[in-house]
Amino acid sequence: MRLPRRAALGLLPLLLLLPPAPEAAKKPTPCHRCRGLVDKFNQGMVDTAKKNFGGGNTAWEEKTLSKYESSEIRLLEILEGLCESSDFECNQMLEAQEEHLEAWWLQLKSEYPDLFEWFCVKTLKVCCSPGTYGPDCLACQGGSQRPCSGNGHCSGDGSRQGDGSCRCHMGYQGPLCTDCMDGYFSSLRNETHSICTACDESCKTCSGLTNRDCGECEVGWVLDEGACVDVDECAAEPPPCSAAQFCKNANGSYTCEECDSSCVGCTGEGPGNCKECISGYAREHGQCADVDECSLAEKTCVRKNENCYNTPGSYVCVCPDGFEETEDACVPPAEAEATEGESPTQLPSREDL
């Protein structure tokens with residue numbers, strides 16, 4: 001019995017072999033698409049393997065389930081569950097490759113139990129076996145069993161792409177990723193394995209884990225009595241930071257931090273480390289504090305009715321709401337109105353004298 005076809009099936013995997021368009025460079029490669037279909041098929045096998053009839057008749061169940069295990073009915077259930085109805089790309093791929101999947105299920109599964117190897121590598125030829133790469137599935141650098149000596153990634157590993165070169169993990173370098181980068185040392189190396197371990201942070205090169213095993217000190221460190229120790233850049237003369245900053249030493253480096261806004265020069269963070277106080281601030285209890293000019297014995301705002309408001313490092317003089325501001329005073333509303341309503345002063349007439 002043949003399974004119903006969703007569409008006319010081609011023998012060549014045209015869809016999977018089409019190269020991705022330049023504008024769609026991030027789309028899955030043919031190998032990724034094939035692997036995804038196989039992963040879904042394998043999951044379908046797991047899901048349908050759990051199926052049982054729960055009737056309690058063991059002999060009947062064994063006979064029935066045995067037939068179901070390799071039946072076309074089970075295959076159809078797996079195929080029907082591979083793609084969501086909205087997944088156009090998955091459904092299109094399945095239509096193109098359903099005949100291959102049917103042939104493997106009904107005839108070749110026992111001989112080729114690894115569906116990925118048979119379907120994606122040998123039949124469609126869009127993938128390679130792990131540890132191999134390129135159109136001819138050549139072995140990666142270091143061999144297919146341990147590409148890049150286990151310390152890197154082989155370009156094109158498992159696909160028909162790439163050049164087989166190694167992209168080494170952090171700490172490793174060389175064509176086979178067996179050499180250690182600066183900042184790492186070889187803690188194990190034999191014919192099959194190479195392990196690079198990070199040096200102490202003070203070492204540029206090293207032969208062991210401590211700051212006494214450095215071959216060369218990192219920038220910001222200096223050799224002192226056989227060990228690489230931190231250079232205190234903040235103790236240098238002249239100081240490395242500007243007059244409005246203070247220096248903060250760190251392992252192998254330093255930072256320049258801004259002084260508090262109340263300071264003119266400083267030795268550290270906050271108003272308690274000012275060298276001098278900025279105008280509007282004065283030393284109080286060991287730190288620069290704002291001077292409240294409005295509370296001074298000598299009056300700060302001298303115009304009549306004027307209010308004084310303190311601000312950080314300064315003050316402002318303001319007339320109350322509704323008062324008219326003049327050069328000499330803040331005039332209350334009633335006085336201002338009276339002044340505006342007065343007639344000009346007239347000289348007395350001769351008759352009045």
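Including glycine, each Cβ sits where the backbone N, Cα and C put it.
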For the candidates N190, N251, I need the one that Swiss-Prot annotates as N-linked glycosylation site.
N251
Quick one: which of 11-14, 227-230, 263-266 does Swiss-Prot have down as motif 'CXXC'?
263-266
Bonded to C317 via a disulfide in Swiss-Prot, from among C288, C294, C301, is C301
Which of these, C288, C294, shares a disulfide with C308 in Swiss-Prot?
C294
Identify which of C120, C127, C128, C154 is listed by Swiss-Prot as the disulfide partner of C140.
C154
Residue among C166, C168 that, according to Swiss-Prot, closes a disulfide with C148:
C166
Just confirming the record: what cysteine out of C168, C180 does Swiss-Prot connect to C177 via a disulfide?
C168
Simplified to three states, DSSP reports C168 (disulfide bond) as strand
C177 (disulfide bond): nearby disulfide-bonded residues from C148, C266, C294, C308, C330, Cα cut-off 10 Å
C148
Listed in sequence order, the residues of the same chain lying six or more positions from C148 (disulfide bond) whose CB sits under 8 Å from its CB are C140, Q141, G142, C154, C166, R167, C168, L176, C177
C-alpha spacing of C317 (disulfide bond) relative to C330 (disulfide bond), in angstrom
11
Round to the nearest Å and give the CA-to-CA distance linking C317 (disulfide bond) with C31 (disulfide bond).
78
